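Taken verbatim from Swiss-Prot:
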type	residues	note
COMPBIAS	8-25	compositional bias 'Pro residues'
REGION	1-25	region 'Disordered'
REGION	5-24	region '4 X 5 AA tandem repeats of P-P-V-[EY]-K'
REPEAT	5-9	repeat '1'
REPEAT	10-14	repeat '2'
REPEAT	15-19	repeat '3'
REPEAT	20-24	repeat '4'
Amino acid sequence: NYDKPPVEKPPVYKPPVEKPPVYKP
């Protein structure tokens, strides 16, 4: 028996961003 259906794509890891990345050269 299958516990869960086969995943089409792997889960995308997105870290929670508090603020947008600041570009500082």
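Glycine residues also receive a Cβ, built from the backbone N, Cα and C atoms like all the rest.
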Problem - Average pLDDT across the region '4 X 5 AA tandem repeats of P-P-V-[EY]-K' (5-24), rounded to a whole number - result: 77
Practice task
Give the residue counts of the region 'Disordered' (1-25) per reduced DSSP state, in the order helix, strand, coil.
Solution key: 0 helix, 0 strand, 25 coil
